[in-house]
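One structure is given here, and the rest of the page talks about it.
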Amino acid sequence: MAGQKFQYDESGATFFYFLLSFLALLLVPGTYYWWPRKQKQDPKALASECYCPGCRKKKLILQSTKPWELMKRTCIKVVIIGGWVLLAFLAYKVSQFDYESASFDPYDILNVPIGTSEKVIKKAYRRLSLIYHPDKETGDEKKFMKLTKAYQALTDDESRKNWEKYGNPDGPGAMSFGIALPSWIVEKENSVWVLGLYALVFMIALPTTVGMWWYKSIRYSGDKVLLETSRMYYYFLHKSNSIPLKRVIMILSASLEFEKKYNSEIVERSSDEYEMPQLIKQLYNFGEKAQKEPPLSYNYSIKARALIHAHLSRLVLKADTLDLDRMYIVKKCPYLIQEMVGVVSQLILLAYAQRVPRLLNIETIENCMKLCPMVVQALWEYKSPFMQLPYITEDHIKHFDNKKKRVRSIQHLAQLKNEDRRSTLKFLSDSQYEDLVKVLGRMPYIDFKVRCEVIDDEATTVYTAGAIVTVTVQLKRRDMRVLFGDDSYADKHHIESEKNAAKETEKPNKLEKPMSNGDVIENSENVENKELKDDEKEKKATKGIWQQKRQSGKGKKSGNVKKQKATLSASAKKKIKKKEKLEKAKLGDPETKETEDDKAEDKEQLKDNNVSSDDDSDSDNESSSDASGDESEKTDAEETTDDKKKVSTNNDDDDDDDWDKFQSGANKKDRVLEGRTKQSHLVHSPYFPEEKHEYWWVYLSDRKSRTLLTVPYHVTELVDEEEIQLKFTAPRWPGVYVFAVCLRSDSYFGFDQMHDIKVSINKKKWISGYRSAVH
């Protein structure tokens, strides 16, 4: 482009402006977001904090394991303060630059007024040139050049005209664009250094950094578990249908995260040679030499398994060696167990698809889930759940099994009155009892509700063979303190344990037919007979209340009431039959479609009904006026209008329900887009070396065939309420099935729940025309 010049910054002015603006853009928001602030402690959290010895020791451990926190805060402060100092220096530097003014004024430079004669201008020039000439002691080259330029502009006619016309004695100048980089970058003698710096940054440092990041990332799964560990889980877990808990611990301890070759954070000590044999002798039923299969027999696996056993037994280890290793191994166990649960669920899905030969039982995945609260609470599965509370040891369990007042569960302990609870825990001091009540009040109480339906279908509660059934689970979490002194809440966990014990003792019924896919079919005739009997009992139990109210105003006219009942039941039967025909016609059953003759007969029947209803109403009016003047009886026409109103209100209710479902679905999509967090409620876990939040597993299972039906959903953000949807394919054979929706905690013992759902599977209905097209 003509008249334009691009040049690098000679004086460094534009480069300093660039640095100043860029640094300000980084410092202003960075100081606001990254300046270390003292965290405000929640007064509620302080009031509910436990001061038991285990919690105090854990607090010290958390502070000691993060010594870099203070260093990190100090470094952030130093960097931010240094940035602001540099910004102030650049601002001062920029303010000291002397620029040639865009509006050139020669009169101002020569210190003469406008319109001065040429003689006065020459005299002023000579006087100032003696001061600013470079050869003089007071000389200044820049000022002398400005002085000469001003003198020429006022004494030369052409220069004067250019200044008056363009504001520049040299005439119209070209538009120049400056590059905010110093000129030494493009100088010939510095080209080697500049190219070397570019090569170092973009050809060596950047590819090396990206390659190291990529090499590390491809070794891990999305949950930061080594892929080699996941492959090892697949290998061991698919070898048997049912894997006991002890075997699960062996597989977990063989995780490659505990081997020095795959994890540089692992510390191998020379003291392990004599400390580990002593530890193994203290462990009951450890079985060191029982397992010879690699990597279960490797030294790192045996050490990790021994430390997990010691953790579950709550053994005291040497603080500066084995206890450090125990804490490192234990804090990695929860997400390794979650990976193991995912592997088992994938193997079950592969077995359903006939990709692997064995279908794992439900006990395998439940043993994996059971191991997580064992690690968090440092307890074996056979220990009492009361040992999760502070100050409670095995010696104190006998106080909960008192003959006068037997405490069944932790929830039952919370529901006791304060006097009864204090008498049960009389072996504790007042401060210890206060800590225990704090922890007990923070424990979760889950309201567990289940709804079963077929979404996107007209009849959402009709389950056909092969349909996609959606089980909606609603979880509402509250603190256990809401139960203090209130025995109106049912002890859910105690009830579920009794149910499970009863189910295990039940013998299989002869009428049940086990299928190849693990489903169980009951004899539909017996089930229907049972349901009819139950319905008749419910009707008999609920019939007297509303019927007595209705008959109380009728007085002695029992005969008329019976006649009216007979006519009403007949009309109701016709309406019910008509509705059934319409529903069957909607479903497309060719055998139940209405013909034109049927429609004509229905019209004639309606006419006859209207005539008979008029006659009946006249006779009823006469009898009522002669006897007691009862005007409360309705005609069939009024009943039809009432039915229409009810149908319209039902339609409005259905529309409202559909809209609510649509809104809830939209809200769920928004929550999915927002992403899942892993913040819920802190767990009281003094033996776990890190802060642990409450997580839950929700899944659907068939307890009779001991199979898993849905992949377990890991709930990680249950703060107040959460809604989960589990989808499964209905069985292919008609019948009545009983499935169990299970809720398991990964942090607490004795808080698992189970909700049975009864699903009646109907025969698949074919659409008219589709059957003929298929055949």
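Backbone N, Cα and C define each Cβ position, glycine as well.
In TrEMBL this protein carries:
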- 15-35: transmembrane segment (TRANSMEM)
- 74-92: transmembrane segment (TRANSMEM)
- 105-167: domain 'J' (DOMAIN)
- 192-215: transmembrane segment (TRANSMEM)
- 494-513: compositional bias 'Basic and acidic residues' (COMPBIAS)
- 494-673: region 'Disordered' (REGION)
- 527-541: compositional bias 'Basic and acidic residues' (COMPBIAS)
- 551-565: compositional bias 'Basic residues' (COMPBIAS)
- 580-593: compositional bias 'Basic and acidic residues' (COMPBIAS)
- 613-623: compositional bias 'Acidic residues' (COMPBIAS)
- 631-646: compositional bias 'Basic and acidic residues' (COMPBIAS)
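Only residues 6 or more beyond the boundaries of the transmembrane segment (192-215), in the same chain, are considered here, and those with a CB under 8 A from a CB of the stretch are 185. Taken through DSSP, the domain 'J' (105-167) splits into 45 helix, 0 strand, 18 coil.
The average pLDDT computed for the domain 'J' (105-167) is 80.
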